[in-house]
């Protein structure tokens, strides 16, 4: 699991509350962390692999590069996987090399490897989960800007600078202040550890507070966009808007489930730290609640990787396709790409929102609205039972080389269920 208590434990003169949770059933807790992280890592990778019978296989057509929002979703999953890998390594060493772990608490020991392992593994876990928080925030910003037609592929470079720069800066700054003047002689007291906890939980709280606001504004903008296309708000547009809301709700639900226990647990631990004796009888319920949330964190924190892929794309199945196909670029999120230009299709300048529907339904809707094939909506058959309907929103300001589909994949998933 990911907690600033992991770094605090590396100090031989750690506080009593950290000692309390870390040393309570450490072998059982490490086993839980390995199991949860292992399941999340395996299924996250499985979700990311291409499938034979799914929307990711588009036959013979080469696929353009995915849009920035789709790349962000991929990077979030990679960060989660690397964070899970760190949890597995740390917990495995904890189980397999107890002598190494006991050396962390020995201030008189001259062996530096226990401290190196403790600090290195804790920083690895914090760095990649912190980066995952920043990328989740950037995803909310990106989908909003794309709907407002103010972002494109060029912004992905800016996102990389922001997320990795802030993640590394805050991680190093927090750890440096925590271990001042040295790891073997950390300062006592709560004050010196506060900056470390702030740098750890700042991006988490940012996602919890700001992302729902950005998602709500995005949904509102998409609704206005759909109404503005034809001046009416049909059942299809209403269903698409509902699916977008559900998708954003799933993303925030996964985030809250996986990380809200951390905030509760940290609050309880800070309360215990302010007590003269954490073993006092009147604090029994607080100690029990602290231990319960501690073990919940060990289960839910690593599971974010797998649960995120479910929120992003739904269950993609076990039918993995590892065959190599030349002249074709694999797309992480097929809904974020447009079909290749052929003789029967000319791309339209502007951003694009994709959603999935059947060809027959699309044709019927086009006929009912008096639309012709040359209108903004075009149905592109990809050799499967369904097709991708592209709603082209003309833009005189930008010339997009690819399209954004994150707001439309929720429609795609709903039709597959």
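Glycine is no exception: its Cβ is also placed from the backbone N, Cα and C atoms.
The domain 'G-protein coupled receptors family 2 profile 2' annotation in TrEMBL covers 26-316.
Marked as transmembrane segment by TrEMBL: 27-49 (among others).
TrEMBL lists 70-89 (among others) with the feature transmembrane segment.
Here TrEMBL flags 123-145 (among others) as transmembrane segment.
Annotated transmembrane segment per TrEMBL: 157-180 (among others), in sequence order.
Feature annotation from TrEMBL assigns transmembrane segment to 200-226 (among others).
Positions annotated as transmembrane segment by TrEMBL: 247-272 (among others). Through the fold, the transmembrane segment (247-272) approaches residues 2-5, 16-18, 20-21, 136, 190, 197, 201, 204-205, 207-208, 211-212, 215, 218-219, 278, 283, 286-287, 289-290, 293-294, 296-297, 300-301, 303-304, 307-308, 310-312, 407, 409-410, 413 of its own chain, all at least 6 residues removed from its boundaries and within a Cβ separation under 8 Å.
If you look up TrEMBL, you'll see 292-315 (among others) marked as transmembrane segment.
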Outside the transmembrane segment (157-180), six or more residues from its ends: residues with CB under 8 Å to it: 4, 7-8, 10-11, 68, 72, 119, 123, 126-127, 130-131, 134-135, 138, 142, 186-187, 192-193, 195-200, 202-203
Cβ-Cβ under 8 Å with the transmembrane segment (27-49): same-chain residues at least 6 beyond its ends: 1, 74, 77, 80-81, 84-85, 87-88, 90-92, 94-95, 294-295, 298-310, 313, 315-316, 318, 320-322, 332
Close approaches to the transmembrane segment (123-145) from elsewhere in its chain (Cβ under 8 angstroms; 6 or more beyond its ends): 2, 4, 6-7, 68-69, 72-73, 75-76, 79-80, 82-83, 86-87, 90, 151, 155, 159, 162-164, 166-168, 170-171, 175, 200, 203-204, 206-207, 210-211, 214-215, 217-218, 221, 251, 255, 301, 304, 404, 406-407
